[in-house]
Every structure is written in C-alpha cells, then in structure tokens.
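Shown next, in structure tokens, is the structure this report addresses.
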Amino acid sequence: MLDIQLLRSNTAAVAERLAARGYEFDAARFNALEEQRKAVQVKTEELQASRNSISKQIGALKGQGKHEEAQAAMDQVAQIKTDLEQAAADLDAVQKELDAWLLSIPNLPHESVPAGKDETENVEVRKVGTPREFDFEIKDHVDLGEPLGLDFEGGAKLSGARFTVMRGQIARLHRALAQFMLDTHTLQHGYTEHYTPYIVDDTTLQGTGQLPKFAEDLFHVTRGGDETKTTQYLIPTAEVTLTNTVADSIIPSEQLPLKLTAHSPCFRSEAGSYGKDTRGLIRQHQFDKVEMVQIVHPEKSYETLEEMVGHAENILKALELPYRVITLCTGDMGFGAAKTYDLEVWVPAQNTYREISSCSNCEDFQARRMKARFKDENGKNRLVHTLNGSGLAVGRTLVAVLENHQNADGSINIPAALQPYMGGVAKLEVK
C-alpha cells in the first residue's frame, strides 16, 4: 500500500509514476475524498471545541442559580454529542473508501526500472551458459517424461486439466530438486527453513497484495460444517505465509536481515490463461516451488535484491542449465513490486527461454499493509522492506533438466550436483 502522506504531498508525481506502469490514478477522485475528509475533521474539531466551551459554562451557570440556562446548555451538549457521532461515522466512511482504494493501487516503480508497456520491452541483463546443440531430433518434456512416470492423463482423471501425477523416477527427481534447492539456500545462502500453512485467511493475502485485487486468481475454500461459510484460500506461493510471519510486529534492527525459505505447493486458478501452455508442466493449477523471502533494513533492500537473484542463479548453474536474467519494464511488473528481475531458463523444445524465477523488491509496500516494522538505532519504529524470489519453481526446473540433459535414446543425464539426492543415480532410463 502506498504512503498516504506521499499521495497528499506529491499527487501529480505519484500519478505520473503510476501511469508509467499502466495504472491511471484518479487524482480528481482522490482530491475530492481528501477535501471531504478535511471538511469532516474541521467540523469535528469545531464541535469538540464548542462542546468543551459549553461544558465549562454549565457548572458556572448552576452555581449562579441559572438552572434554565444550565439546562439549555446541557441540551446543546447533548445535541453536539449526536452531531459528533454522525461526524465520526462520516469520517469513518470516507476513511474506509480511501483505504479500500489504496489497497487496489499498485506499487510505484523504482527509478531504475526501464519504461515499457509490456513484456516485449523488458531488458536483458545477461545470459549465462550456451544452449546445447543436439545431434539428434529432440523431444519435449512430455514425450521424455511420460515413459519415466509423468502422467498427465492420470492428473486430469483425478482433478481436471492442468493437474499431473508423477510416479517412480520422475517423482523421485522432482523431490530431489526441491531438497537440493532447500539445502543450497539453507546451508550455503543462510536462509532459515520454514514449514507454513497451505490455507490462509483474507487478511494474510491482503498483507502481501493478492487481495483484494486478484481474488479470481485464487482457489477459495470453506470449512465443512462452518455455518458462517468463512472463505479461506489455498496459497498461490509461500511468499504469502513467509512474509506475513512478521505482520503486526516490531523487529529489533540487530535481527535484520531475516532470511526465510520454504518448499510448498502453490495453487493458482490461472484465470485469463485459457489456451496458454496447455501441454505439459509449464502452467499448472498446482505446482511446487521453493520460495526465498528477506525482511531487511530499507537502505539494504536493493543490495539484497541483487543477492537474491544470485541465489536463484546458483541453483541454475549447479544444474548446468543455460539461462538469462531480465529486468521487467514498468508495464510488466507485478502489483506489489518496485523492481523485478526474472530468470528465464532455456527450454530446447520451445527454442526459447521461459520464466523459472521472479525476484522482487517490494520496498515498504507490503510492510505498510502488514504493519511490519523495525526499531532503528534512534529507537524509532520504521517500516521494513520485503523481498521475495523463487528459488526455484520445481516443476519448470524439472522440465529444464529433462529437456537440456536428454539423450538420443530418451534417457536423462542427472547433473552431478543432484546425484547425491538421487541415491547416486547418474541417469534416468526407461525401464
């Protein structure tokens, strides 16, 4: 959520920065609500002053035996009390409208973010690794994976489209990838592993920015036997739960940075994705991801963003996968991000790079929604900065390993770094 004081003092500048990311800020509406709020506040202050003044007179009037005048003054105070209650209700209504609107406004792009309308104007930062040249006709991950235990038909039978069953060697490889990622982040990069709920309340999703704007992208659930029919949600990413562990808290500055990681399933309705990536694992309703989150001092957040990109890159390098890093332009960034880098892995069968990680600095946007603060060296409470990144999406990493390390006979070479997690197995072969 944006700083309301920044909006009040720099409305035009904020509107211009939001326009760069394709959001039209209604300055006239904001100014009208602000005028309404100010008018109610002025009226409230005048009523309070009048009440206090008249209340002081009542005792004096009674002492002078002026009982009728004292009663009239008491009647005035009673009316003022009613007027104050109405003013409080009016102010609350205006404030609620402002707050609800603020929750729907995206973050401001950082000054270093390239301007652009959509993904076609993202900027490549670097490429690492050279895509392999095959001397045989390659297969995609579907044709490679099905003989090894990848079962799309079984997933569809159980749950519908965009669900998958894995068994045998593929299931083991999928598990090994997640364990390798977790071990790398905890043992080499200094993150603390977490296990968090997969079902959350709306306030939790509001804290990280998925609600209220993106409700259609979420899976909604209700408890059996719950007469209130309270809606909860399956998490779209462990970013939600990891980041919210610091909601409504004040962290001593010496404890920063907090580095959190978790392996979890992610559930997404993929609203608006009809017809996209219908074949294979690239776009699923349920997929696993190892998430990285850091809670940091505001002055350290952009340094931390570069560090987190490096942590995700280390996984790709260890798995011997070609990839590139791109900076998202203003028109392609996520709702809560001030700056985002995407890591895209080479997918041979598609002859292109596909997103496998997204690392974002949200600055204080989420922290303001969550009331996540730290106590600085002067004893003042300030908002932390929050960052998140995929480290990595497990299913897409599986796709990349299958396709980049395939052999002509359909077998798959296991990268050396992954072999200890596969019980020493160096190759997947159709049995």
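Using the three backbone atoms N, Cα and C, a Cβ is placed for every residue, glycine included.
Per Swiss-Prot, L-serine binding site is recorded for Thr237, Ala238, Glu239, Glu291, Ser390. Taking all protein chains in view, 29 other C-beta atoms sit within 10 angstroms of the C-beta of Glu291 (L-serine binding site). In the three-state DSSP reading, Glu291 (L-serine binding site) counts as strand.
Close to Glu270 (ATP binding site) in the fold, though at least 6 residues off in sequence, lie Arg162, Asp217, Arg283, His285, each with a CB less than 8 Å from its CB. In three-state terms derived from DSSP, Glu270 (ATP binding site) belongs to neither a helical nor a strand segment and is classed as coil. For Arg268, Ser269, Glu270, Glu355, Ile356, Ser357, Ser358, the entry in Swiss-Prot reads ATP binding site.
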Around Ile356 (ATP binding site), which residues of its chain at least 6 apart sit with Cβ under 8 Å of its Cβ?
Leu316, Tyr323, Leu343, Glu344, Val345, Ser390, Leu392, Ala393, Arg396, Thr397, Ala400
Listed binding-site residues Thr237, Ala238, Glu239, Glu291, filtered to Cα within 10 Å of Arg268 (ATP binding site):
Thr237
Candidate with sparsest Cβ neighbourhood (10 Å radius) among Thr237, Ser269, Ser357, Ser390, the listed binding-site residues:
Ser269
The sparsest Cβ environment within 10 Å, among the binding-site residues Glu239, Glu355, is found at Glu355
Across all the protein chains here, work out how many other Cβ atoms are within 10 Å of the Cβ of Ser358 (ATP binding site).
22
List the Cα distance (Å, whole number) between Ser269 (ATP binding site) and Thr237 (L-serine binding site).
12
At the Cα level, what's the spacing in Å between Glu239 (L-serine binding site) and Ser358 (ATP binding site), rounded?
12
